[in-house]
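Worksheet: the structure to be examined is printed underneath.
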Amino acid sequence: MSASHFREQLALCITLAVLAAASGDYRANMFLNGQYQNGIKDQKENNLLVNPSTNVFLNHAIISRQASPFQGPTYLPPKEFLKCAPGQQCVRSGQCLNGYFAQQLPKIQNCDPETTVCCTYRPPPTTTTTTTTSVPVANCAYDSDCVTPDNCRNGEISAINYVKKQGPNRCPAPNICCRIPSTTLTEDGYIFNLPEKTFPLPTKPAVLAMPSTQAPFRPQPTTAVPASRPTIEYLPPSTTQHPSYEKVQTSRRPVYLPPSPATESASSLIPKIRPRPEPRPQPTRRPTNEYLPPAAANEIPRFEPDRAPQPSNQKPIYRGEDQLSPQIFPTPQPANVPKHFAKCASALVCTSENFCNAIGVLSETPVELSPMEAAFRVPLTDCLQTENGSPGKCCRDPNYVDPWPVNLAGVCATRNKRTKPTGVKDLDANFAEIPWQAMILRESSKTLICGGAIIGDQFVLSSASCVNGLPVTDIRVKAGEWELGSTNEPLPFQLTGVKTVDVHPDYDPSTNSHDLAIIRLERRLEFASHIQPICISDEDPKDSEQCFTSGWGKQALSIHEEGALMHVTDTLPQARSECSADSSSVCSATKFDSCQFDVGSALACGSGSSVRLKGIFAGENSCGEGQTVRFAKPDIKWINTAFAENNKPLLLKRF
């Protein structure tokens, strides 16, 4: 047998031996021969699928030990830990009360279920001591108030809209006390801040002030004659007449009080027993050029021994007990003269005194004034109330508006051709070009019925055919309108109700004679550049004058056409026969379509500041260009009467 063959046989035997040994190990291993799996299925109480809570790892170890012939160390599974939810941590069982613990502990998330549990941390309640720092509070004086430092300049309140508020004058920091101005306007009027004592008086009477550089005046005694009793009164120097001085029981003259011995030297003490001075011979005065200044008002003249006392104009003083009192007769009472009551001005209203505040303005409710306000109240004029005939006071009406403002006083409205925005068509007027144009509306139907002319802040002149028969409460007047249905105009319009409507007494609906009506407004108009009154003239239009009329047109008023602009057209005077007019009307032909203008609008003639109202649009013959229109002439006498009844000045007619 060769060596190579022997090696092959030996390798084959070794291979078979290895395979036999491996087969024996397979049959003996429970994990490879299926005994482990079959044992788990046979013990259902330890099966994880049947009873998941059983510790299957320990049983697996026992089965594995029984299946193996070797006795090795028993297999133990890893210890189970509890994983806490977010916000919890592991603590001992005794430290967790009702699911919370309050002690600071290390944060552990995996808990040993035998000794620890998951618990939520809740900090213990802490008692915080609140310390409040007291804010400094100052008490302001009676003439000061508490304001911010920005509103105080040089020690005085400088706020423009400052109003004195009633209440305690306590001023917390950082505010400061600042002096109130001399007068402060409040809702009740002016409050005058005066010192409590304008002229403070001394609490105890004292001697007159004497200069500190000279000794007090004392007469030079010559003969010591004891008086009957001690006196401490001041004795004036002797005069040439030598009147006897007696004690006068009066408290009006200041009484001399000697100084205390502790504060003044012994040489300046006044003896208690003052001798009566003896008259001295009068030496002849020699002329001298020496200037002697006059004594001050509160100064006692200096006594000079070498100067003789001068004659005095002072009258001798006598005792009051020795004099008879003069007979006093009572002042005779004047005869009962009837009190004159004045008539209040146009801006004032006669009302009860308790309805006037401290500055004389009418109040809707009774006013109670303090003693200080009543002492410095604005003087009021006596008047007689027309309602009940009782006395009253003239008080200013806060709602009064002057009929002619300052910028319009005595000035008639003018035609403004250079205003903007401008019209679109040739017959369109610019904004505020015709400032006296008004519009008459009916409230119940919300319709536009006609036009009008503003002749005062509370009066509009229109056509009687337009407003005759309508309820006063159903009429509204709009001033300052230009574009219908628009609110984007440079200045707003003004809408007000109507108080009365006065139709001309000679108005005839059949002939349209005196087709005029005066509308009195409930509220006064506020004049502006687009709202102004026109002056009136009763003269007929002339051929040389430039006349024109205005309005929005019949169609625009009937349908309230949105965006319709005010129209204006020139007119030419015509004969009265062209429009069948009488003496109360005039006729004029329009350049543009006569139906593009409104009944009640003004026929204005002139230019610049001489524009006058000479007619009110009463009606047209037909629509079209060049058609004749009838205008009612203004009756100035009747209009002035209506103005006079309402206490208005007669300023309508201009010459």
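In case you wondered, yes, glycine gets a Cβ from its N, Cα and C as well.
Within the set CYS535, CYS547, CYS579, the cysteine that Swiss-Prot bonds to CYS605 via a disulfide is CYS547. Among the disulfide-bonded residues CYS350, CYS466, CYS579, CYS587, the ones whose Cα is located within 10 Å of the Cα of CYS395 (disulfide bond) are CYS350. Note: the region 'CLIP' (343-407) comprises 10 helix, 16 strand, 39 coil (DSSP; helix = H, G, I, strand = E, B). CYS394 (disulfide bond) sits 46 Å from CYS547 (disulfide bond), taking the CA atoms of both as reference points. Per-residue pLDDT, averaged along the domain 'Peptidase S1' (421-644), amounts to 91 for this model.
Counting in whole angstrom, CYS450 (disulfide bond) lies 39 from CYS350 (disulfide bond) by their C-alpha atoms.
The number of other CB atoms found within 10 A of the CB of CYS450 (disulfide bond), across every protein chain shown, is 22. Within 10 Å of CYS344 (disulfide bond), judged by CA to CA distance, lies none of the disulfide-bonded residues CYS356, CYS547, CYS587, CYS623. The closest partner of CYS605 (disulfide bond) among the disulfide-bonded residues, by CA position, is CYS587; the full candidate set was CYS356, CYS587, CYS595. Residue density at CYS587 (disulfide bond): 23 other Cβ atoms are found within 10 A of its Cβ, drawing on all protein chains shown.
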